[in-house]
Each structure stands twice: as C-alpha cells, then as structure tokens.
Amino acid sequence: MPSESKSSPISQLPSISKPPDGGFMAWWHVFLCHMVFFNTWGLANSYGVFQQHYTETLGHSASDIGWIGGIQMFLMLFGGVFSGRATDAGYFRHCFVTGVIMQVFGLCMASLSTRYYEILLSQAVCVGIGSGLVFTPGLSVMGSYFQKYRSVAVGLSAAGAATGGMVYPATTNALLNHSHVGYPWTMRILALIMLVTHIPSVVGYRPYLPPRSTGPVVEWSAFREWPFVFFTASMFLNFWGLYMAFYYLGIFAREQIRLQESINLLVVLNGVGVIGRGSPCFIGERFTGIVNITILCSTISAICVYCWVAIDDVPGLYAWAVIYGIFAGATQALLPALATRQTKDITKVGTRTGMVLTIVSFSCLTAPAIQGALIQACGGDYLGAQAFSASSIVLGMICLWLYRWCQVGLKIDVKV
C-alpha cells in the first residue's frame, strides 16, 4: 500500500515543532470552529423548517424544494477542495471573509425572493458557496492546532451544528408565524444573527502553520491508498442517508401523524445532537478508538431509520427523535473528525479534508431530491425513502469496517 513519505512532515517545517495540543489559543480556535459549524452545518440542519414552509407556499413538489437544501450543502462541501488548498497556501483570511460576506448577502437576497428560482440562487447557491469558503478553512485551521486530541477538538467544534440546529429553526419558525414579521424580515434577522456570531471568528482566527506554496489542488495519489478510498466511500454513503430526518421529519409528522407543531421535533433532533457530537469523540479518543465508536454509532443510526417505519404516534416519534438525534449527530461529528486524519502530513490537512468533503458533497446534493422523489413515487408514503436512507447508512458502515480492516486486519479488541 502506498505511503505518503517516510520523512516526518513536521521536520520539514523548521519553525514548528509540533501542534500545541492545548493551551488558550488551541481551545480558543475550538470555540471559533464551533461558531463556524453553528453558521454552516447548523443552518443546513435547519433546512427542514424551510422545506416545510417552501412546500406550502411556493407550489412545488417536495423533491423540487429538496434541491434548495441539497445544493446548499453540496456547494458547502464541494468548495472544500479549493478553499482547503487555498488555506494551505496561505489564503485563509481571503477565503473566510469572502465566505462570511456571501453567506450574509445570500440570506439578505433570499428575503427579497418570492419565486423558486430566486430562492434557489440566493439561499442555495450564494449561501452554499459562502459556507464552502468558511467551513473547510475553519475546520482545517482548527485541526492544525491539535494532533493527539484532534478528534475531541473536532467533536466539540461539531457540536456547533447542534446549537445552530436549535437556534436557527426555532427562530425561523417563531418569526415566520409572527403576524408582524413574515418571511422577508425572518431572513434579514437570520442574516443579522449570522453576521454577529461570525464576528469572533473573523477577528480571532489565526492559522498555525506557515503557507505551503507548492502542491496540487487534488492529491491524486491519495486514491491509491485503500484506507482513504474506503473512508471516503463510507462518509459518502453515511451522509446519503443520515440527513433525511433533518429535512423530512417535520413534514412526516404533519402529514402522517397530524402533529401541527412539528418544528419542535426538529429542535429536539438537533438539540440532543449536542450530546451526540461532543461525548462520543471524547469516549473514542480516551477508551474505544474513533473508528470503533464511529462504526457503532453508524450501525445504531441505520437501525433507527429502519425502525422509523413502524412509528405511528407522537410520543413514539419524539422518543425516536431523541435516540436518532444522539447517534446520527455522533456519526456526523465523528466522520469529519476522521476526515482530518486522512494524512500524517499536517501541511496537507486542508487539501485532504477538502478532497473528502468534495466527494461527499455529491451525496448531500442528491439525497434530498432522491428521497423526495421516492416519497412522491410512493404516493406520499415514506417507506421507500426510509429504506433507501437506512440501507445507505448500512453500506457506509460496511465501508468503515473495510477502512478498519486496512489498518488493523481482523483484530477485534484493538483501539483504532
């Protein structure tokens, strides 16, 4: 199996001995990255409330509306291959500030939009590109401050997706249903929240590594490394299935169970993710190994989606949202943590992470539309979409096992 290099990548950087793995600046960047997740994944995880609102007001099918959220997530991840390499080359601040401006501008333009294509251009394209310029650079710079505790740091950062996933949908729902606010001012208020919460990151982020001026945007040699291939396939397949609930749970609750305040389910689903995103990374780093606990959480997530088929009452759906929210949130946090470990050369963290996220972006692009089309093809029944999502997660879990096998073989009692 090809290896990257026998020489130590850190030894090639004379001014840097090793990542600090702690201290004020390192943990300060964890907080800043938490806010990056808040304004990227937190907003994306909140799309369920927009999915429901746009389906009711724009007169388009659920599959059509799903493309808005799918394109937003696609561009957020697809841009990682470019913004990640630009970060390695020393253009972090250029990417980050431009991304923040585009995110805020996109939400402001969405406030003026009344037609499907206008919302597609503003909320999907503009916000999505901006998120891509913010997310991968923010994650890779934070990751460069850690080596031993990188997974814990990424897990705490990823909890921002849960806090954002509570704040954005709860705020959006309250404002949309307020008689004196409405959709335009809702989007402007969301833009203000995003701008204010981005300020600490714009001011406080400091890249730890010096620029790496040479090197390709895509490191094609990575695709000759089977661990990298299996991990990337695993993350693609897991994300193909994990996000169905975040988009369609509210509509399912309203249409299938007649629950009017269905937005509360989305808040619960995201809220318990604070537990799911933070604690598993610590447990994995300290006791079980990150790969082992990711396999466990992915397996339980798949089982939960299969069990969703049998739920037909409100208490059962709330209980399901709590359990699934914990383990799906854990899987969503653990996989990016592993993505930052796909190279031993810390100068290539941005490039490799961007490559993984770019490939995964295609699953985020197609999943909502596929699931919406399956619901429509089944006459409003969710069974086909649920089976597709659960089976995708199962295949992703199998690829994780193969990734583990490449590293330690068939040994079971090994921390990896």
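Quick reminder: no glycine exception, Cβ is built from N, Cα and C everywhere.
The transmembrane segment feature in TrEMBL is assigned to 26-44 (among others).
Here TrEMBL flags 65-85 (among others) as transmembrane segment.
Positions annotated as transmembrane segment by TrEMBL: 91-112 (among others).
Summarising the annotation, TrEMBL assigns transmembrane segment to 124-146 (among others).
Residues or ranges marked as transmembrane segment in TrEMBL: 152-176 (among others).
Away from its own ends, the transmembrane segment (188-208) comes close to residues 16, 19-20, 25, 28-29, 31-32, 35-36, 38-39, 43, 87, 90, 92-93, 96-97, 100, 103-104, 107-108, 111, 134, 138, 141, 144-145, 167-168, 171-172, 175, 181 of its chain (Cβ-Cβ under 8 Å, at least six residues beyond either end). According to TrEMBL, the transmembrane segment annotation covers 188-208 (among others).
Residues or ranges marked as transmembrane segment in TrEMBL: 228-249 (among others). The list of residues near the transmembrane segment (228-249) in space but at least 6 beyond its ends in sequence, with Cβ under 8 angstroms from a Cβ of it, reads 45, 47-48, 51, 62, 66, 69, 73, 165, 222, 262, 265-266, 269-270, 298, 301-302, 305, 308, 317, 321, 324, 328, 331-332, 335, 338-339, 342, 352, 355-356, 359-360, 362-364, 366-368, 371-372, 375, 382, 385-386, 388-393, 395-397, 399-400, 402-403, 406.
For 287-311 (among others), the entry in TrEMBL reads transmembrane segment.
As annotated by TrEMBL, transmembrane segment applies to 317-335 (among others). Within the chain carrying the transmembrane segment (317-335), a Cβ under 8 angstroms from the stretch's Cβ atoms is held by residues 41, 151, 154-155, 158-159, 161-162, 234-235, 238-239, 242, 245, 249, 253, 257, 259, 265, 268-281, 284, 290, 293-294, 297-298, 300-301, 304-305, 307-308, 311, all 6 or more beyond its ends.
Within its own chain, the transmembrane segment (356-377) is flanked in space by residues 51, 61-67, 69-71, 73-81, 84, 135-136, 231-232, 235-237, 239-241, 243-244, 247-248, 336, 339, 342, 384-385, 388-389, which lie at least six positions past its ends and keep a Cβ under 8 Å from the stretch. Here TrEMBL flags 356-377 (among others) as transmembrane segment.
Same-chain residues lying 6+ beyond the ends of the transmembrane segment (383-403) with a Cβ under 8 Å from its Cβ atoms: 226-227, 230-231, 233-242, 244, 248, 291, 294-295, 298-299, 301-303, 305-306, 308-309, 367, 370-372, 374-375, 377. Marked as transmembrane segment by TrEMBL: 383-403 (among others).
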Two-stretch contact, the transmembrane segment (152-176) and the transmembrane segment (26-44), at least three Cβ pairs under 8 Å = yes
